[in-house]
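S.K.: Look at TrEMBL and you will find 12-32, 331-353, 360-377, 389-411, 432-451, 463-490, 523-543, 855-874, 881-899, 905-928, 956-977, 983-1005 tagged as transmembrane segment.
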Amino acid sequence: MNIAAIAIRNRTVTLVLTVVMFVAGLSAFSGMSRLEDPEFTIKDALVVTPYAGASAFEVEQEVSDRLETAVQQLGQLERVRSKSERGLSTLTVTVKDRYDSDTLPQVWDEVRRKVADAQQDLPPGAGPSIVIDDYGDVYSVFVVVTGDGYSYAEIKDYVDFLRRELLLVKDVGKITTFGERKEAIYVEFNRDRMSQLGIPSSLIIDELRQKGVVADAGRARVGSAFVTLAPSGGLASVADFESLLIRGDDGRQFYLRDLANVRRGYVDPPEAEMRFDGRAGIGVGISTVSGGNVVRMGEALQARMAELEGRRPVGMEFGIVSLQSEAVTTAISGFVDSLLEAVAIVVAVLLLFMGLRSGLLIGFVLVLTIIGSFLFLDPMGVALERISLGALIIALGMLVDNAIVVVDGVLIRMRKGESAEQAACGVVQQSAWPLLGATLIAILAFAAIGTSSDATGEYCRSLFQVVAVSLLLSWVTAVTVTPLLCVMFLKSPPVGESDADPFSGGFYRRYKQVLRACIRHRYLSTATVTAVFAVAVWGFTLVEQSFFPSSTRPQFMVDLWLPQGTHLDVTRRDAEKVEQLLLRQDGVSQVATTIGQGGLRFLLTYQPEQPNSSYAQFLVSVDDYRDIAGLMPAVEAEITERFPDALVYASPFELGTGTAGKIQARLSGPDPNELRRLADEVQAIYRSDSSAKSIRTDWRQRVKVVRATLAEEQANVNGITRPMVAEAIREGFQGVTAGIYREGDLLLPIVVRADEASRNSIDSLGNLQVWSPVAEQMIPLRQVVQSFDTRFEDEIVQRRDRKRTITVFADPAKGTASELFARLRPRVEALPLPPGYTLEWGGEYEDSGKAQGSLAATIPAFIFAMILITVMMFNSLRQPLVIWLCVPLAVIGVTAGLLATGQPFGFMALLGFLSLIGMLIKNAIVLIDEINLELGNGKDLVAAILDSGASRLRPVAMAALTTGLGMIPLVFDAFFVSMAITIIGGLLFATVLTMVVLPVFYALIFRAPVGAASRGEQL
């Protein structure tokens, strides 16, 4: 069956289908989802469990350990990490890579069941546990609402209005606020007056709790009706609180206003705060519904905001932290421009070397293939994003290769006197199946990333999908549309030029002379190539290693860690100073600040820091992303000079799936003191290297704790217990929640505590009053507390897979993480570890190893499939051996390219190398198929090799040239530059491999006679 003959005979059908595919492809392109970066599933969920009053170690042993035991029974679990801190347990549950976004909800349901079952094992006062499975949700819109001259309540009212209105906008998923302060009713009493009157605070607390309880009075039958009975008597205003009567044990009654100051205020300290350009505000995050279009949602939001502009209070402003719709539009526009530039370069090269008609014909088939690919990619769920559009540029040379082979073959046959139709049918009949086999091999070169189940594989999956679809379609168009267009538009050569040897030109003669000499001196040629290969392998050890590059996003982060235990008010004060320092920097356009924890996840690769009162983060926007490299060390140095006790580190946003802290040494063992000692030694090693910065541990510093040691005998005599002492201390400082105040849909806690003057001093701890049920009066704590001891304790205890683990972080101040890691690793691993203690490496080393390990697990199977295809195509072992002997030699060009440009070999460069292998094998298959054809025509081996090389020289060189030049736009993309250099450098030598080294190996393995290669031009 001749596919080309069918397409040519049914030209009307072929042309109509071509037009339909072109139009449908354009339509699919316009409707495809658009993203800046590909999506990948964050396979983490949080299990948060409060345990008020417990120390970090009590939380670890009594809560975290029991919950870890419960969730570790799940077969889907990859690992579990826990963070135990005073009064709170946080588990991070990570499931195995094979579970995707479709199966994760079921996994989280099972986690919930296990956690629910474990609640009965928790101690009294612990829980309930909350499972947060939307931890990975991304808020594509993140803005801060601020307003000079407006109160916080007025800003909140406007934010609430926006939330109600914008939730109705198409494609909006959910709207979450950040830094929204909660209100409370504060009842603040004077300790001395309460003591003088002999009124325990417990009376106030009990009365307030009773007033806040919703009571059911039941129903009564009245005639035929069943009437609900409902008592009133709730507290309706602050005035009602003040008028509340408190009865003392001696029968006297007092209004609450005579005993305490009642006010409505904000919870102090707040959980987190948000600021923008030096002004306090409320952050608003808006996510897109699953499957929604980020760009379309952004446009709809902007349209709705324009409609609501008249209802925006004058002076209220929006500070944009991240607006993904605009970023996506800009990014996609840039990617499309790069794609168009690459296509233009390829077409220009074709026009220059193939002639006007041939160049335009191949260029049209190339554009048709690209646009037609969208028709199939859209139903597969592939979005337009960095990886998918970059994949099209990567595939350009391979896409055009099939068409070049067909057109070049038709031109050669027409010069030999065949008609256009005969030539087209003959070329397709000869090369269709070899081209298909070569195309499948090129696709299989990318298959490892397409089947990788880890986050990196998921991130890069569209690369394989795009390459597979576009290459298969390029083969289809090459054997159908291309021959038809050749018949329609290519002209037969002028009379007299037919039957001429198309390879009689000077260029081809010189090529044959060089190839003949190499074949004649095949052993010397092989030895030379082997020596160059050995040098390249050695040179590859000098190439820098990396994982994923930094983003070109014009924004970077500055993390400020004050000493652990710092009050949020102090953190806010210092953050305001840092804010002003950052805003004064040249090139800085705006600064968004989060205090107390990281912000909303506005990028998939952004990892918000968990709540910590000593933490602040600054999201710094700049005019030009190229200024970031100079700004980061400058602001780090200036902030560190201003705040010597703080840990400051600036970092750019990363592409791919990286983690916080590029270098991580994880030390595990039972004793916290020993772990801290080992961590100090590791930090000392880190600090001894001037290229290391941001050195820290995840246990932070120990914090000051005042321990009240109960005098058991006196306490028992007075009927006072540990919880009573704890509540008395809590009332005196932080406050005790004494019920709920209802106002519409608001539920405000009622907090009873000492007045501000009493709370500001801890020196009077012993004078705090506690009610003695035996003495029936208030007595000072010093009568039942033996001592108040100040000590330093661990406030944070981290565990990994149920083992206490302290992680020591570092980042490179200059150079790559792999270079710094190579220097630090042997020194850290030389540290003697006591029995029962282990060291393992995380960070970029672990992420890169996991990604490459996932590839390595599948690459052998696909290489075997590629080898099997070559064996099946040639029904031989020696010819595939010739091809595969050339594959390792591709490292010569790769090493030269990376060393010449100073680019590191990272994950994307690895993918570029795999694609290079596919291109090399594809060209080799077509060349060997041509040799077989020449041998079938009766030529001797050397003549067949020489003539086949000359026949394939232009198509191979053209494919390499178009692919290499088509990569030029990617050289200027930070994400793809190492891949582009790998392919360009590799292709330069791969062309020599295919056209010179492969024929030499062929002659060597098939024992071509030396004498034949020594004869003259008659060959």
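Positions of Cβ are set from backbone N, Cα and C atoms, glycine also.
Not measured: the values here are computed from a predicted model.
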S.K.: With an 8 Å cut-off on Cβ pairs and a sequence gap of 6 or more, do the transmembrane segment (331-353) and the transmembrane segment (956-977) reach 3 or more such pairs?
M.R.: yes
S.K.: Of the stretches 12-32, 360-377, 956-977, which racks up the most C-beta pairs under 8 Å with the transmembrane segment (389-411)?
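M.R.: Top-ranked stretch among 12-32, 360-377, 956-977: 956-977.
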S.K.: Honestly, do the transmembrane segment (983-1005) and the transmembrane segment (12-32) touch, with at least three Cβ pairs under 8 Å and pairs 6 or more apart in sequence?
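M.R.: Counting Cβ pairs under 8 Å (6 or more apart in sequence), the transmembrane segment (983-1005) does not reach the transmembrane segment (12-32), since there are fewer than 3.
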S.K.: Is the count of Cβ pairs under 8 Å between the transmembrane segment (432-451) and the transmembrane segment (855-874), pairs 6 or more apart in sequence, 3 or more?
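M.R.: Taking Cβ pairs at least 6 residues apart, the transmembrane segment (855-874) and the transmembrane segment (432-451) are in contact, with 3 or more under 8 Å.
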S.K.: Counting CB pairs under 8 Å, which listed stretch among 12-32, 855-874, 956-977 touches the transmembrane segment (881-899) the most?
M.R.: 855-874
